[in-house]
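Undergrad: Annotation comment: TrEMBL describes 222-240 as compositional bias 'Polar residues'. Summarising the annotation, TrEMBL assigns domain 'FAD/NAD(P)-binding' to 10-164, 301-384. Taken from TrEMBL, the feature domain 'NADH-rubredoxin oxidoreductase C-terminal' covers 413-479. Among the features that TrEMBL reports, region 'Disordered' is placed at 199-247.
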Amino acid sequence: MANRKEKTFRFIIVGGGIAGVTCVEQLSSQIPSADVALITASPHIKTVTNYRQVSKTLEEFDVEEQPSSVLEEKFPNLTVIHSAVKSLHTRSHSLETTDGRVFGYEKLCICGGGRPKLLTQENPYVLGIRDTDSAQELQKRLSKAKRIVVVGNGGIALELVYEVEGCEVIWAVKDKAIGNTFFDAGAAQFLIPSLEADKPEKDAPCKRPRYTTEEPAPGGSHTFTADRNARRQGSSSTEAGSALGPDWHEGIVLQGSEQGTRRVSLEYQCEVEKIFTSEELLNSPPQTLGHENVGSWPVYIKLTNGKTFGCDFVVSATGVVPNTEPFLHGNNFALAEDGGLQVDDHMMTSEPDVYAAGDVCTACWEHSPMWQQMRLWTQARQMGWYAGRCMAAQVLSEPIELDFCFELFSHITKFFNYKVVLLGKFNGQGLGSDHELLVRCTKGLEYVKVVLSGGRMVGAVLIGETDLEETFENLILNEMDLTPYGEELLNPNIDIEDYFD
Ligand code: FAD
C-alpha cells in the first residue's frame, strides 16, 4: 500500500461538511505553504458565511453549499479530491479512495459526519433525513401522502411536525414531553399550542440559505438552488452527503396530498415495536392490531403502547450515529460509547497523527462543568476550527490550550417559529437533584427557565425574544452567587441588565 501512494500531503482532511471545510480553511490560512487535500464524498462543500459572534460564546452563521472550486481558488495549495475514503491504514499513513487511488498524509483529520440512526435498514417505507437528497425524497413522498408517522424527539422531528401541512402526522415520542433533547416538560407545554395554531405568514426574508428542488436536469442529475442569492449549481446524487443544517426545510414545501393545515397527534412514552407491510399484516393474527382500524395503507407501525397505525411512510428521526465505519478496519481507534472516535483536548484520536472533528467524534477530555457535546452545526464549526489550529500548532511546535468555546455550551436555534437559546446545563444535565429551577412564562410570548446549583446559575432555556442571553451567559461564566436575589432574578419588572451592571 505504502508504495502505491499517488501523492503524500502534509495534511489530509476527510469530509466536506462544516467541520472538514472549517478545518481546511484554518490550516490553509495558518500555514499557507502547506499542501492540503480535502477528500470528500459529496459533490459540494459546506461553507460558513455571515458569521456573527452574538456574545462571548453564542454564535450565528449561514451555511452555503458551494462547488469546491471556491475553496481551491481561495487556497492555491489546496487539492479537493471528490471520492469516498474506502480504507485507512494508520501504520503506513495512507488512505485509499473508492476510485482506487492511494494518498499519503503526515497529519489526517477525519470529519466524516454521521448517518441517520434508522429504525430499520432497507425498508422502503422508512425514511431518514440527513442530506439534500433525502430531504427531497421526503418532499416527493409527502406530496402523495395522507398520513405519516414521525418517530423521534430531537430537533429534526420537532421541525418536521411543525412544517408538514396537508397530511395527518402521528408523532411518536419515547419521553413524557416533546423535544426532550432540548427542553423540559414546561417548555414543551409552552410550545404545544403552536402545533395547534396556524403558522404565521412568513413575511420576513429568510436569514439563512434555502434549498429548493427543481425538475431533474437532462441526464438524470438534479439541480437545486441554494440560498437567497439563488445561486444555482448542478448536483448529482450522492452516496454520503453532508448533513443538512438550520432551516433545512425552508423552501422545501412539506405539503401532503390533502388540503388544510397541520394535524398532529401525539403518542407519548412509546417506541416502535414492529413495522409491517400490508401483506404481513393480513397474514398476522387479528390481535396484532391495537384499537386503530386497519384501513388500507402500504405500511403499518405498532408502538409499544399497544396502538398500531397505518400510514404512507414512517420518518425515522431518531438521531445520528458517527460515520466511523470506513476508517476502522485494521486500525486501533478508541471508540466512545456512542460509537464516535474518541478525541482528546487537542482533537487527537488514539491513532498517531490522526485527528477528528464534528459529528464523527466524541469529545473525551474532561469537560468544563458547563459544556456538553451535542451533534450540532455550531459544534461542528468550532471543532473543525480548533482541530485545524491544533494540527498547525503541532507542526509548528507551538503550545495550544483548549479553546474558550468549550467553556460553556451555547446554542441558538428556532423551534415552532420561536427563537430558542440554550445555555450551559439547560436541562440540569448531570446535576441529579442538586439543582433548582426558576421559571417565568408568558403564554405565546416567552418562556424563561434558569437552572441554579449551589446558588449559582448553571444553565438556561430562553424561548422567545427575551433579550436575556448575554446577561445570563455572563452570570453563568462569572459563577456569581445569586442567592441574595432569589426569585427577583426573573422579575419581569426589573431590568436585569441594569441590575448586574
Ligand atoms: P457532515 O455535515 O455530515 O459532513 C460529513 C462530510 O463527510 C460530508 O461531506 C460527506 O460527504 C463526507 N464523508 C462521509 N463519509 C466519507 C468518506 N468515507 N469519504 C469521504 N468523505 C466522506 N444542527 C444545528 O445546529 N441546528 C439545526 O437546526 C440542525 N438541523 C439539522 C437538520 C437535519 C435534517 C440534520 C440531518 C442535521 C441537523 N443539524 C442541525 C446537525 C448538523 O447538521 C450537524 O451536526 C453538522 O452538519 C455536522 O457537520 P460535520 O461536518 O461533522 O458532518
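Backbone N, Cα and C define each Cβ position, glycine as well.
These numbers come from a predicted model, not from an experiment.
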Undergrad: Please work out the helix, strand and coil residue numbers for the domain 'NADH-rubredoxin oxidoreductase C-terminal' (413-479) from the DSSP assignment.
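TA: So the counts come to 10 helix, 33 strand, 24 coil.
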Undergrad: How many of the residues that make up the domain 'FAD/NAD(P)-binding' (301-384) does DSSP mark as helix, as strand and as coil?
TA: 15 helix, 26 strand, 43 coil
Undergrad: Note the mean pLDDT of the domain 'FAD/NAD(P)-binding' (10-164), expressed as a whole number.
TA: 93
